[in-house]
Amino acid sequence: MTQLAIGKPTPLGAHYDGQGVNFTLFSAHAERVELCVFDANGQEHRYDLPGHSGDIWHGYLPDARPGLRYGYRVHGPWQPAEGHRFNPAKLLIDPCARQIDGEFKDNPLLHAGHNEPDYRDNAAIAPKCVVVVDHYDWEDDAPPRTPWGSTIIYEAHVKGLTYLHPEIPVEIRGTYKALGHPVMINYLKQLGITALELLPVAQFASEPRLQRMGLSNYWGYNPVAMFALHPAYACSPETALDEFRDAIKALHKAGIEVILDIVLNHSAELDLDGPLFSLRGIDNRSYYWIREDGDYHNWTGCGNTLNLSHPAVVDYASACLRYWVETCHVDGFRFDLAAVMGRTPEFRQDAPLFTAIQNCPVLSQVKLIAEPWDIAPGGYQVGNFPPLFAEWNDHFRDAARRFWLHYDLPLGAFAGRFAASSDVFKRNDRLPSAAINLVTAHDGFTLRDCVCFNHKHNEANGEENRDGTNNNYSNNHGKEGLGGTLDLVERRRDSIHALLTTLLLSQGTPMLLAGDEHGHSQHGNNNAYCQDNQLTWLDWSQASSGLTAFTAALIHLRKRIPALVENRWWEEGDGNVRWLNRYAQPLSTDEWQNGPKQLQILLSDRFLIAINATLEVTEIVLPAGEWHAIPPFAGEDNPVITAVWQGPAHGLCVFQR
């Protein structure tokens with residue numbers, strides 16, 4: 001039997017050098033590590049890793065080749081009260097595995113035990129890692145590096161975006177390949193999108209609870225192998241990586257960046273009753289935040305929390321991010337529940353992972369976007385991330401909805417959000433682009449549902465409608481649900497137009513949820529994380545071409561307004577913005593706080609957004625000059641020259657002089 005050589009302690013993972021494979025695994029508390037390799041018949045062969053450099057276990061297997069399936073058995077104490085849950089009866093996934101063979105099914109054998117260890121062997125049914133070799137011709141690929149001030153983000157799900165698209169070949173719908181298909185790229189270009197932000201593509205598992213209900217994790221925020229692509233989105237699991245890179249290369253040629261939503265806050269091992277896949281059995285005490293009683297700190301709502309202040313876990317996370325940039329040429333990341341990244345355990349701007357990213361010549365050059373909260377005390381950190389990060393701006397989301405749908409927001413508060421929430425983000429040399437403005441996202445109502453439903457309708461999720469937020473700031477305009485009279489449909493359309501205009505013509509970086517531009521509805525489900533079906537897949541056959549054209553025209557208008565693309569904070573008298581009342585006069589202090597919801601926003605001294613958010617038709621006197629309404633509020637060939645605008649109830653219009 002071939003013996004393992006000592007090998008090298010770096011890099012982490014399994015790496016083929018042309019002659020054999022070097023294996024490395026971090027574990028600070030293990031007493032022994034076995035490499036388990038499986039032949040074509042599924043026969044297991046075990047080797048003790050002979051090298052032990054610090055906390056890195058390593059060994060080199062001569063003559064091993066790509067395609068080899070492997071896993072680990074890690075020996076150490078079973079001391080739950082101390083946070084140690086070693087169980088060598090369980091085959092474990094390499095945290096740095098590039099490909100996984102097998103499915104993460106709900107099975108008692110994939111659990112290590114709660115108070116007492118479960119010593120039943122699970123190698124027969126446990127997923128296996130696969131050694132891969134990486135050769136890819138990037139040709140002349142170069143990152144678009146779109147300036148932040150010109151960035152328009154489109155948040156989409158790999159499968160949901162194209163699975164029902166009639167113009168994309170059936171065999172590639174819902175896959176990585178479809179993202180790079182000319183039909184999809186041309187659509188994004190015509191819409192004006194500069195960055196495609198994908199919900200998680202790293203391999204994830206469906207929670208056992210969902211599997212028992214016949215559901216699955218659709219969004220992907222339940223990671224199990226952070227270096228491996230989710231194989232269900234590939235035409236062939238063996239070629240997933242190249243399919244993904246082909247799509248990125250095609251998007252880059254069209255000038256479109258690719259941003260990955262990445263989950264570095266928890267793992268699919270969930271709480272102590274959850275499955276054992278990898279980290280818990282490799283070094284539970286190091287990888288997770290552990291309470292004094294040995295249980296997990298659940299700062300994520302998912303049962304566990306990764307300890308991103310531990311040096312080895314920081315190295316793991318940094319290596320993962322570098323992998324996606326260097327191997328897949330992604331242009332940035334959106335970090336789920338990103339406050340966890342800064343926990344020490346209190347949140348700090350100089351937390352180890354933030355410092356590692358800041359000091360990395362690769363990661364410091366890509367777009368970094370934080371979801372700036374977690375669910376623990378002190379977890380709401382909007383505006384407090386280091387200068388390299390932009391942040392989801394929930395202040396903007398709530399303000400836009402309250403202003404147009406609940407009518408309870410003063411003009412001053414609305415203007416503050418329109419001006420990139422400078423009270424929140426204008427600090428530490430940050431720019432307006434640090435505010436990622438959104439009206440909707442994957443999590444919550446779609447834009448159409450915001451104007452059709454007052455209440456969430458999540459019964460299909462199997463939790464008796466308890467899940468999902470109740471704070472939606474939505475307005476069904478008098479009837480719960482889709483459809484209705486022509487008057488109702490028109491009022492809802494006007495509200496959608498107002499919200500889209502607010503999003504796409506405000507200062508900051510706009511993020512559009514895929515499907516909002518053509519009227520996609522989830523029928524009132526505001527937490528569709530487990531709905532892999534027609535509720536979430538975009539139905540292109542029912543798309544509103546008029547709304548799509550309206551959205552595209554707004555995006556192209558945005559790109560013409562210097563005050564929005566120059567990415568500089570607006571200052572008094574700099575010519576970027578003037579705030580005027582319905583008579584074209586500067587607003588008084590009282591009007592800002594108590595005045596009617598009527599406002600004129602003059603941008604770059606020649607673009608005017610006139611707003612009437614009251615219930616009545618109102619005359620708005622435009623500033624001096626010759627004004628004409630511009631697309632999408634008027635046709636190119638028949639501009640309306642006007643000095644007074646008859647503002648419809650809950651309406652707005654954009655003019656140019």
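Every residue gets a Cβ built from N, Cα and C, even glycine.
What Swiss-Prot lists as active site, nucleophile is Asp336. Taking all protein chains in view, 24 other C-beta atoms sit within 10 angstroms of the C-beta of Asp336 (active site, nucleophile).
Look at Swiss-Prot and you will find Glu371 tagged as active site, proton donor, backed by sequence analysis. A simple way to gauge crowding: the CB of Glu371 (active site, proton donor) has 22 other CB atoms within 10 angstroms, across all the protein chains here.
Under the heading region 'Disordered', Swiss-Prot lists 460-479.
Under the three-state DSSP scheme, Asp443 (site 'Transition state stabilizer') falls in the coil class. There are 18 other CB atoms within 10 A of the CB of Asp443 (site 'Transition state stabilizer'), with all protein chains counted. Swiss-Prot lists Asp443 with the feature site 'Transition state stabilizer'.
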Note = DSSP composition of the region 'Disordered' (460-479), residue counts helix/strand/coil, works out to 2 helix, 0 strand, 18 coil
Remark   = Taking only the CA atoms, the spacing between Asp336 (active site, nucleophile) and Asp443 (site 'Transition state stabilizer'), expressed in whole angstrom, is 11
Query = When DSSP states are folded down to helix, strand and coil, where does Asp336 (active site, nucleophile) land?
reply = coil
Key: Length of the line joining the Cα atoms of Glu371 (active site, proton donor) and Asp443 (site 'Transition state stabilizer'), in Å   = 12
